[in-house]
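Single-structure report; data block below.
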Amino acid sequence: MELEWRDHGCELGKWGSGAGVRRMTLRDYAIRYGFIVLLFGLVAYFAVAADGFVSPQSAVFIFQSVAITGVLALGVTATLVVGGFDLSIGSVATSAMMAAAYVMVVLEQNAFVAVIVCLLIGAIVGLINGWLIVYMRVPDLLATLGMMFLLVGLQRIPTEGRSIATGMTMPDGSVASGKFSDAFLALGRHRFDFFIPNLIPVSVVVLLALAVLIWFFLEYTRFGRMMYAVGSNERAAELAGAPVKAYKIWAYVISGVFASIGGILLAARLGRGDIASGNNLLLDAVAAALIGYAVLGAAKPNAFGTAIGALFVGILLQGLTMMNAPYYTQDFVKGVVLVVALVFTFALSGRGRN
């Protein structure tokens, strides 16, 4: 079956003359719109199979999950754009969460200081990752994997592996008497009215703002377009005079900062520094970023696709939870989703090159 699609010149290099006509096959439609159909199908399935899935409370849980996953995934997207990959985002987010709790509960500083400390942690980790990859020529997966393990150990040292909460006893016997400020907690707990009272969490607004920002940055600024050029053909970009090393380092700095923002939102939602709360962040964020390749057949990392991917992951996990699926089943399903996302990623990338 073939359907006719008339091009108006927006992708001349790919489709040929703007005045020409290209026949778009059913396979092309499946690649371009298949994932969106799958997303609506998933919502319809859970609406029937999971009691209470279509409810304001369920929507709030989905939004809260999507917000943190999406922010981290946008950071991963920045590294994918330059042909890299960041495995340290989950640990950076957890470290930022623990740092925020430590600064406010143990050191008794205000929320502004806590946020600045968290952002600095993300930027420094990203800078170190970029330096290892660009100047030390350590493969990106190995460099960020090593950083992940380093942070997992480092974040446990101040409290000897315990979570941070008001009134806890520190290793030296003192009592942590500080607390999270109301303004900080509002980042994770306040919700805006949107047709239904208290529906949209602040964290979702943060995600949308960051998604628009990174989308505009990558698609409409020279810096962002050069990042795509580096990821597409690093050697050609270097021969053209682009500072390839700087672009790659900046991508990892962006990833680190976005991961720390995710950690801030998580700390604000939980109201404590929970050492184990970030265990699943890496897999969820990576799945969301890779799913982004398949959204509308983009065949490249992009902010819009990543946001949709995060929504898909959030809906999937909430639906499985409301169906009382065991935790190990959820991990299995997430693994399947990640494998499928990888298949789409490489299939679409190969199609684009052809």
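Yeah, the Cβs are placed from backbone N, Cα and C, and that goes for glycine too.
Copied over from TrEMBL:
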TRANSMEM  30-48  transmembrane segment
TRANSMEM  60-81  transmembrane segment
TRANSMEM  87-105  transmembrane segment
TRANSMEM  112-135  transmembrane segment
TRANSMEM  141-158  transmembrane segment
TRANSMEM  199-218  transmembrane segment
TRANSMEM  249-268  transmembrane segment
TRANSMEM  280-296  transmembrane segment
TRANSMEM  302-320  transmembrane segment
TRANSMEM  332-350  transmembrane segment
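Between the transmembrane segment (302-320) and the stretches 60-81, 112-135, 199-218, the greatest number of Cβ pairs separated by less than 8 Å involves 60-81. Contact between the transmembrane segment (249-268) and the transmembrane segment (30-48) does not hold: fewer than three of their C-beta pairs are under 8 Å, each pair 6 or more apart in sequence. By the count of Cβ pairs under 8 Å, the stretch nearest in packing to the transmembrane segment (199-218) among 60-81, 87-105, 141-158 is 60-81.
Here the transmembrane segment (87-105) touches the transmembrane segment (280-296). Their Cβ atoms form 3 or more pairs under 8 Å, with each pair 6 or more residues apart. Residues of the same chain lying 6 or more positions beyond the ends of the transmembrane segment (30-48) and with a Cβ under 8 Å from any Cβ of it are 54, 291, 294-297, 308, 311-312, 315-316, 318-319, 322-323, 344, 348, 351.
Ranked by the number of CB pairs under 8 Å to the transmembrane segment (141-158), the listed stretches 60-81, 112-135, 280-296 are led by 112-135. Long-range contacts of the transmembrane segment (280-296) within its own chain (CB-CB distance under 8 A, at least 6 residues past either end) are made by residues 31-36, 68-70, 72-77, 80, 87, 89-91, 93-94, 148, 262, 302-310, 312-313, 317, 334-335, 337-338, 341-342, 344-345, 348-349. Within the chain, the transmembrane segment (60-81) has long-range Cβ neighbours (under 8 A, six or more residues past its boundaries) at 89-90, 93, 140, 188, 191, 198-201, 203-204, 206-207, 210-211, 214, 218, 224, 227-228, 230-231, 251-252, 254-259, 261-262, 265-266, 269, 281-282, 284-286, 288-289, 292, 300-303, 306-307, 309-311, 313-315, 317-318.
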